[in-house]
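Working notes for the structure below.
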Amino acid sequence: MIKMRPSQLSLVSVILFVLLFSQCVLSQLRVGFYKDTCRVVEFIVKEEVVKAIIKDRGLAAALMRMHFHDCFVRGCDASILLNSTPSSTAEKDSFANNPSLRGYEVIDNAKAKLEVVCKGVVSCADIIAFAARDSIEMAGGLGYDVPAGRRDGRTSLASEIIGNLPPPTFNVDQLTQMFANKGFTQEEMVTLSGGHTLGRSHCSSFSDRLYNFSGTLKQDASLDPTYAAKLKQRCPQGSTDPNVVVPMTSTPSIADAGYYIDILANRGLFTSDHTLLTSPATANQVAENAKNPIQWKVKFATAMVKMGQLDVLTGSEGEIRANCRVINS
């Protein structure tokens, strides 16, 4: 029989407690959380998502991105939905989200319907998670079960964007570190970057690559010349028109492996996209995802479930907002 010193037993006890506590926290998010309190929740959310995307296919990307931007800042607590106040600028009004992030009305509509049939039961954070899943599925990605039970936060600060959301200028080391800070592996970072297969971008996010890359006053030499010429037509130098947007990929409304195919052809829109080719490990993952789109879809769904558990509020923490845009009084 192995005997342990008291100090060793104490350390083992602490480790076991941490592990059990972590499992307990994660277990509070579970598939079917609303089975006994609001069985129609996922049906109602999906109904609103489907209606919205039929009218505007670009909302699939918007709702998926909303979930990402919510979870990476303060955790998945719907802080992205809160309005600014006279004394504080909220996340939604930060440079990273305004005017590019949209789809708030879809969440509002779902919440309004849920408040009629299940008043005070479903959190705005869970609605975002369900809507993101439904959007991915509507765009041709794989559906997945969403563990629920998140609570809504009461704080939203634009100042917390920096250091939590990766800007489009990040290199592969910076991306790897930021995702590692959130508990993701480098491979999961490459997988989640594939979310850029959906949507469009404003010129300001990549214009430096066209006209002043790394302060050289020249074009990024890694960009495919034909692709760069098309981008310049859409985004003339000095243009600040907020209504001009460019597709992220050649198939901006379809959740496919086109993102990775474009990167391999030097048509990654952002610096943070092309940089995935600058490391042997991430370049191999890009090539593998381009070659095996079904495998990427499976990995993406798995990574989205993991992302949806980032720093969640559960139990009696936070609140269930009556209106997703303001905290309860």
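Cβ coordinates come from backbone N, Cα and C, glycine included.
As annotated by TrEMBL, signal peptide applies to 1-27.
Annotation comment: TrEMBL describes 28-328 as domain 'Plant heme peroxidase family profile'.
Feature annotation from TrEMBL assigns disulfide bond to Cys38-Cys118 (among others). Listed in sequence order, the residues of the same chain lying 6 or more apart from Cys118 (disulfide bond) and placing their CB within less than 8 Å of its CB are Tyr34, Thr37, Cys38, Val40, Val41.
Take the CB of Arg65 (site 'Transition state stabilizer') and look out to 10 A: across all protein chains shown you find 22 other CB atoms. Marked as site 'Transition state stabilizer' by TrEMBL: Arg65.
Annotation comment: TrEMBL describes His69 as active site, proton acceptor.
The Cβ of Asp70 (Ca(2+) 1 binding site) has Cys76, Asp77, Ala78, Ser79, Ile80, Leu81, Ala125, Ile128 as same-chain neighbours under 8 Å, each 6 or more residues away in sequence. Look at TrEMBL and you will find Asp70, Val73, Gly75, Asp77, Ser79, Glu91 tagged as Ca(2+) 1 binding site.
Marked as disulfide bond by TrEMBL: Cys71-Cys76 (among others).
Cys124 (disulfide bond): 30 other CB atoms within 10 A of its CB, across all protein chains. The disulfide bond feature in TrEMBL is assigned to Cys124-Cys324 (among others).
Remark: Pro166 (substrate binding site) has Gln174, Leu175, Met178, Phe179, Ser272 as non-local neighbours, by Cβ distance under 8 Å and separation of at least 6 in sequence. As annotated by TrEMBL, substrate binding site applies to Pro166.
His196 (heme b binding site) has a Cβ environment of 24 other Cβ atoms inside 10 Å. Marked as heme b binding site by TrEMBL: His196.
Cβ neighbour count for Thr197 (Ca(2+) 2 binding site): 30 (other Cβ atoms within 10 Å of its Cβ, all protein chains included). Residues or ranges marked as Ca(2+) 2 binding site in TrEMBL: Thr197, Thr251, Asp256.
Packing around Cys203 (disulfide bond) is summarised by its Cβ count: 21 other Cβ atoms lie within 10 angstroms of its Cβ, all protein chains included. Residues or ranges marked as disulfide bond by TrEMBL: Cys203-Cys235 (among others).
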- Task: Out of the recorded positions Thr251, Asp256, Cys324, give me the one sitting nearest to His69 (active site, proton acceptor) by CA distance.
- Result: Cys324
- Note on the structure: Averaging the pLDDT values of the domain 'Plant heme peroxidase family profile' (28-328) gives 97
- Task: Would you count the other CB atoms within 10 A of the CB of Ser79 (Ca(2+) 1 binding site), including those on all shown protein chains?
- Result: 25
- Have a look around Thr251 (Ca(2+) 2 binding site) and count the other CB atoms within 10 A of its CB, chains all included. 18
- Least surrounded among the binding-site residues, given as Asp77, Glu91, Asp256, when other CB atoms within 10 Å are counted: Asp256
- Within 10 Å of the Cβ of Cys235 (disulfide bond), how many other Cβ atoms can you find? Include all protein chains, please. 22
